[in-house]
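Read the structure below first, then the notes.
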Amino acid sequence: MNKIAIFGANGRMGRVLIEAIDQSQNATLNAAFVRASSSMMGVDVGELAGIGQRGLTVTDANSADFSQIDIVIDFTLPEALEANLALCVQQKKPVVIGTTGLNQQQKDALQRASQHIPIVFAANYSIGVNLLLNLARQTARVMGGTADIEIIEGHHRFKKDAPSGTAVAIGEVIADELGRDLSTCAVYGREGDTGERDQQTIGFATVRAGDIVGEHTALFADIGERIELTHKASSRLTFANGAVKAAVWLKNKSPGLYDMQDVLGLA
């Protein structure tokens, strides 16, 4: 059985991860971490996730016994990433990271840590989204030379970053396939007199409303026809189950930086 620990157990994804691991046939939850100052310290993980007591209490990572942990899953905030990575490197534990909205310094820290431990880092752990990424690359290969490309994403009102990490990941695979640099060809939102559309650009549009779990569309529009690749998530368990799958896959892997395309054999 694969023994998993969670960073950010009291967050929205942390609570769903507790439920996903509880339902898993291949993994068990051995530790759940929150900040030492959190009011959730000492709470039973099952109560935290709303699934009834499980006999494991929430604790602080710095005082934990990592000898009983095989893999760590981190869905916290960007500002917590570097400290969490340092602890995983110190303890020599593989880590699955789902934190999005990273700046360049945090991405560099991820690269450095991957020289010492195996890491899976993905903007989205849904199997369907990763199939969408694969299909977007194929569509860009065939239609990208002439089609206008737009990426539309929607999430709940509480999401703090925009566009979503998944939307950016879709843009990156399309830009890579077309030999473009997303940092120079991306257009984020439009307003006022924008002039005619530059066919070399990749447009992004963002919706933040209600309790939308996650919706992404890659639109390839040519004259006379268009293709829309859409994924809609109806439950966060979709992402949590994918992260648990990645954690099980990551155990005993060599140091390096992997993604869900590797986990699913799509790379």
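Placed from the backbone N, Cα and C atoms, the Cβ positions cover glycine too.
Some features that Swiss-Prot has for this protein:
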type	residues	note
BINDING	G8, A9, N10, G11, R12, M13, G98, T99, T100, A122, A123, N124, Y125	NAD(+) binding site
BINDING	R35	NADP(+) binding site
ACT_SITE	H155	active site, proton donor/acceptor
BINDING	H156, G165, T166	(S)-2,3,4,5-tetrahydrodipicolinate binding site
ACT_SITE	K159	active site, proton donor
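Of all Cβ atoms in the shown protein chains, 22 besides its own fall within 10 Å of the Cβ of A123 (NAD(+) binding site).
Note on proximity: among H155, H156, K159, T166, the recorded positions of the record, the Cα nearest Y125 (NAD(+) binding site) is that of T166. For R35 (NADP(+) binding site), the same-chain residues lying six or more positions away in sequence with a CB closer than 8 A to its CB are D60. Other than H156, G165, T166, the residues of this chain whose Cβ falls within 8 Å of the Cβ centroid of the (S)-2,3,4,5-tetrahydrodipicolinate site are, in sequence order, T100, A123, N124, E153, H155, K159, D161, S164, A167, G214, H216. In the three-state DSSP reading, R12 (NAD(+) binding site) counts as helix. The binding-site residues shown are G8, N10, T100, A123, T166; of these, the one with its CA atom nearest the CA of the residue listed as 'active site, proton donor' is T100. In terms of Cα distance, the recorded positions that sit within 10 Å of T166 ((S)-2,3,4,5-tetrahydrodipicolinate binding site) are T100, A123, chosen from G8, N10, R12, T100, A123, H155. If you take the CA of G8 (NAD(+) binding site) and look 10 A around it, you hit none of the recorded positions from H155, H156, G165.
A count of other CB atoms within 10 A of each Cβ picks out K159 as the most crowded of the recorded positions R12, H156, K159. For the pair H155 (active site, proton donor/acceptor) and G165 ((S)-2,3,4,5-tetrahydrodipicolinate binding site), the C-alpha distance works out to 11 angstrom.
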